[in-house]
């Protein structure tokens, strides 16, 4: 799996700036429940072809009386679940008592730690890092996060020190699970019924292996079989004993969710019907869309709602999830089992759509019909031309469209084409990505050369104009 890198340090040393440089995002996932994450940011970055997950732990306190008292418990949890730690210090202020306490705490963790000296722009790097050798965390690495200097070299250095073996657990899982098994990640906010749903699915089917260690620290991979087809459920909340299925709060980790989506073929996103779609739900949906995984929506706790309440919930879903019209919605009760059995069929259809072969002749026919029904707009008096299309990838399906001036194609027209391809090909349950490529004009910048006959005709016309 992707390595998890935690950014640790005192307040105002530049952790958030470095986070934004590494991920080019400010996305924060907030859990509205006491004791859960409130101030951490999560993002995904990539160096070359190697992705990684970054956690910004926020300020860890400036109290020299003791690190344990100054640290937030959630920041400690982030350090605990990280595979590597970037310890940021301020190169302008030099090491402080709090830095020394933090360094001592990190040394006890037994994890790879890189000492990163930020704010070294405009100063001699050797002088800026000299005092930090006393922290006992190896060679300090100077950067200037605000200007992006030294960050590429830093990440090359960090990832070189992390073995590719982070993917070995996933590979081992593929050996253990049944051949061709569909991996389903059950994700959602705390207390929406994820574990109840997992246990309901397992209670209805024959469990081949009940408890298999997963690739994430608390997620569990559970193979099962239904109608002769193998599946693997990924429970991001961790497997519970049956006596504890009714816990009031499920364990919640963004890291688990991101890793589960990476390992899965299809994601079942569980939403609490009684609370509707929250901001945290939309953040999770954003992560699913970014991952490109096929998606099924499970609207849980449907039982007990009156007819009016159900209509209100459906109206809210239509209003807030207009961008998610490709995902099938299933109204279920994980506690009582109503509607749960239909989820497997929805998963199969979504995965089939995500993996489908899209013949080029059919794509070109659909493109031609779409352009004939609604032509692209004019740009500076010239019509944007879409020439041909072909498949560029699967899971999610990628359709590559070639033409001229495609960079100027409006977003509304791109969405129109996406809807046309989805409807015509029945690609529901999976995101569809369109890529537009402009063909180079070999005659650009060249003037047509006139033939001798054309030159004589031009001279005659010029003489007539002069008269």
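Just so you know, glycine gets a Cβ as well, placed from its N, Cα and C.
It should be emphasised that the depicted structure is a prediction, and the values quoted were computed from it without experimental measurement.
Among the features that Swiss-Prot reports, GTP 1 binding site is placed at 9-16, 56-60, 118-121. In the three-state DSSP reading, residue 57 (GTP 1 binding site) counts as coil.
The Cβ of residue 188 (GTP 2 binding site) has 25 other Cβ atoms within 10 Å, all protein chains considered. According to Swiss-Prot, the GTP 2 binding site annotation covers 188-195, 235-239, 300-303.
Beyond the compositional bias 'Basic residues' (448-467), no same-chain residue lying 6 or more positions past its ends has a Cβ under 8 Å from any Cβ of the stretch. The feature compositional bias 'Basic residues' is assigned by Swiss-Prot to 448-467.
Under the heading domain 'EngA-type G 2', Swiss-Prot lists 182-355.
Summarising the annotation, Swiss-Prot assigns region 'Disordered' to 439-467.
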For the domain 'EngA-type G 2' (182-355), mean pLDDT (0 to 100): 80
Secondary structure of residue 194 (GTP 2 binding site) (DSSP, helix/strand/coil): helix
Long-range Cβ environment of residue 120 (GTP 1 binding site), under 8 Å and at least 6 residues apart: 91, 128, 129, 142, 143, 144, 150
Secondary structure at residue 302 (GTP 2 binding site), reduced by DSSP to three states: coil
Secondary structure of residue 9 (GTP 1 binding site) (DSSP, helix/strand/coil): strand
